[in-house]
Amino acid sequence: MSTSSSASALGRRAGPLDGLIGEIDRALRVLSGAATAARPYPAQAPEAPDALSERERRHAAGLMRVNHVGEVCAQALYRGQAAACREPAARELLRQAAAEEVDHLAWCNERLRELGSRPSLLNPFWYTGSFALGVLASYAGVPRNLGFMAETERQVEAHLDGHLRTLPVQDRRSRDIVQKMKEDEAQHRASAERAGGVPLPAPVRGAMRAMSKVMTSTAYWL
C-alpha cells in the first residue's frame with residue numbers, strides 16, 4: 001500500500017457504520033450494567049442493619065428499579081435524538097445530558113444491588129423503544145427536539161418527587177440518590193429551555209405521561 005493510501009485510510013472520517021457500532025457498544029454497556037459513574041455516589045448515609053422491614057425493602061427496590069429503567073430510557077432517548085440531530089450545539093447538549101445520566105444509571109444499579117434486587121428484565125425493550133422515539137423526535141426540528149428533552153425532564157422531576165414522598169423515611173441512602181437525581185434533571189430541563197426548546201402540544205405531553213405510566217407500573221415488578 002502506498003504512503004498516500006495509508007495516510008488516507010488513517011485520516012478517514014467516521015462514517016455511519018462507525019456511528020452505528022458506537023451506539024451498539026454504548027447500548028451493550030448500559031444494558032450489561034458496565035456503565036460507571038464519574039461523580040461520587042450520593043448515598044453516604046450508613047446502611048443501618050434492619051432499618052427496613054422486608055416489605056419496605058421490596059418497595060424501595062421496586063422504586064429504584066423504576067428509576068433505573070428511567071435512566072436506561074433517558075440514555076437511549078438522548079442518544080437517539082443526538083444521532084439524528086444536525087445542529088451541532090443541540091447535538092452536543094443532548095450528548096452531554098446523556099453522559100450525565102450515566103451517573104444516575106450507575107447509582108441506581110448500585111442501590112439495587114445493596115437492596116438485594118436487580119434491574120428490570122425488560123431493559124432491552126425499553127432501550128430499543130426509547131432510542132427509536134428519540135430518532136423520531138429529532139425530525140421535528142431543533143426547537144421541538146429540545147422541547148421533548150425539557151418535557152421529559154419535567155415529567156421525570158415530578159416522578160422523582162413522588163418517589164421522595166413514598167420512599168421509607170429511614171431509607172436515607174435511596175432518598176439521597178433520588179434527591180440528587182431530581183436536582184440534575186431540573187438542570188437538564190433548564191438547559192434545554194435556554195437552548196431554545198419550545199413547549200410541546202398538550203396531546204404529545206399526555207401521550208408521554210401515558211407511556212411513562214405503563215413503563216413505571218411494569219418496571220416496579222419486572
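Using the three backbone atoms N, Cα and C, a Cβ is placed for every residue, glycine included.
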**Asked** Out of GLU87, GLU151, GLU153, which is the one Swiss-Prot records at the Fe cation 2 site of GLU101, GLU185, HIS188?
**Response** GLU153
**Message:** Given that Swiss-Prot assigns GLU101, HIS104, GLU185 to the Fe cation 1 site, pick the one from GLU56, GLU71, GLU92, GLU114 that the record assigns to that site as well.
**Reply:** GLU71
**Request:** Based on Cβ atoms within 10 Å, give me the single least packed residue among the binding-site residues HIS104, HIS188.
**Result:** HIS188
**Item:** Other residues, Cβ within 8 Å of GLU71, GLU101, HIS104, GLU185 Cβ centroid (Fe cation 1 site)
**Value:** GLY70, ALA74, GLU100, ASP103, LEU105, VAL156, MET181, ASP184
**Fill in**
Expressed in Å to no decimal places, the gap between the Cα atoms of GLU153 (Fe cation 2 binding site) and GLU101 (Fe cation 1 binding site) is 11
